[in-house]
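Colleague: Handing you this structure, nothing more for now.
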Amino acid sequence: MTIGIAGAGAFGTALGVALARDGRAVQLWARDAAAVAQMQASRENPRLPGVTLPDTITLTAALDPLFACETVLLAIPAQALSGFLGDYGARLSGKALVACCKGIDLGRMTGPASTIRDLVPDAGAAILTGPSFATDIARGLPTALTIACADDASCALLQQLLSTPTLRLYRTTDITGAELGGALKNVMAIAAGVTIGAGLGESARAALITRGFAEMQRLVTQLGGQAETLAGLSGLGDLVLTCTSAQSRNYRYGLALGAAQDFNTTTTVEGIATASALRQLSLDLDIDLPICTVVADLTTGRTDVKTALHALLSRPLKEE
Ligand SMILES: NC(=O)C1=CN([C@@H]2O[C@H](COP(=O)(O)OP(=O)(O)OC[C@H]3O[C@@H](n4cnc5c(N)ncnc54)[C@H](O)[C@@H]3O)[C@@H](O)[C@H]2O)C=CC1
Ligand SMILES: O=C(CO)COP(=O)(O)O
């Protein structure tokens, strides 16, 4: 069975490399025909320098080969997912569709798997999420991720299909917990980066991560997700990784923001749009999300770093 992957960015390509190395046939689709031709010729993706694409990955800019696959991984940014599904949902019906992105859609206010469920109701919606840098996966370093799907039997099939000796998948039926954990940790990573970039120190970052986790738990449980999911790979695992590693684009963006330095705006930084979505959710649902709100205010220029940090540090003292 050939596995389809839509999106030949860093993550889609890394997943393709891991699966192909373990014997799966992979159809990797990118919208840019010139980029596909370049990757075909060099057998390398510029976003993953030094990683050779195995022969069992077929690159394509044509949609028909992608739609011929029964299982399709959607590795395009979270804010682009609903547009893609809006355009091609009819061709994807009945398939297993695995969101491989992290965020909350600003227009729909849904996480990636929920967006799939809403826009392609007769597909099997799942999400693959958890702590894993694309370069680590592509280099064959050990990684463990969460696969979430409402139906446990379908989830178990995906778990088998997408696990390799170095890419271990754990499964859950708690889509809400898994998709919100992945979305929220990026916002917390921006905040952690700001904390370090502004020179507040590692103790302050540890406090930020811990209070960020409390904020994540508050939202997830109010939206029907499980605290246990959040304590796993898709929540705590990814929060720790992304808030402490300069490999993370969200963290690096926060570092630059905190230090008042420029940042390459073409980089995929999912936490920016997601912070704004969470700020809106906080108002709509009357849930206290102070860190997400401050990050949204910072990234949209409503506030500056000094005022934002003061706002967080001057909140009323309360029980932990
Ligand atoms: N890079 C990493 O280490 C990891 C990334 N992820 C997630 O994977 C998702 C994708 O990130 P990356 O691959 O790293 O980003 P990337 O910036 O390397 O690649 C994004 C790809 O999506 C394509 N794309 C953008 N809009 C599109 C559209 N409307 N239709 C079709 N293709 C479109 C771009 O051309 C690009 O090839 C994000 O949600 C990210 O959070 C998850 C785990 C690890
Ligand atoms: O999600 C990731 C690691 O699990 C990648 O994080 P960034 O998108 O911040 O680089």
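A Cβ is built for glycine as well, from the same backbone N, Cα and C atoms used for every other residue.
Automatic prediction, not curation, is the source of TrEMBL annotations.
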Colleague: According to TrEMBL, Arg249, Asn250 bind substrate; which of Lys102, Lys318 is also listed for that site?
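Modeller: That substrate site, as TrEMBL gives it, pairs Arg249, Asn250 with Lys102.
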Colleague: In TrEMBL, the residues Phe11, Arg31, Lys102, Arg249, Val269, Glu270 are said to bind NADPH. Which of Ala68, Ala134, Ala214 is said to bind at that same site?
Modeller: Ala134
Colleague: Near Val269 (NADPH binding site), which residues of its chain come within a Cβ-Cβ distance under 8 Å, counting only those 6 or more away in sequence?
Modeller: Asn186, Ile190, Arg249, Asn250, Tyr253, Phe263
Colleague: Given Asp238 (sn-glycerol 3-phosphate binding site) and Arg31 (NADPH binding site), what distance in Å do their CA atoms have, once rounded to a whole number?
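Modeller: Just about 29 Å between their Cα atoms.
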Colleague: Spatially, which candidate from the recorded positions Ala134, Lys185, Ser248 is nearest to Lys102 (NADPH binding site), comparing Cα atoms?
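Modeller: Sorting the recorded positions by distance from Lys102 (NADPH binding site), the top entry is Lys185.
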Colleague: On a simple 10 Å Cβ count over all chains shown, which one of the recorded positions Lys185, Arg249 is most densely packed?
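Modeller: Within the set of recorded positions, the most crowded position is Lys185.
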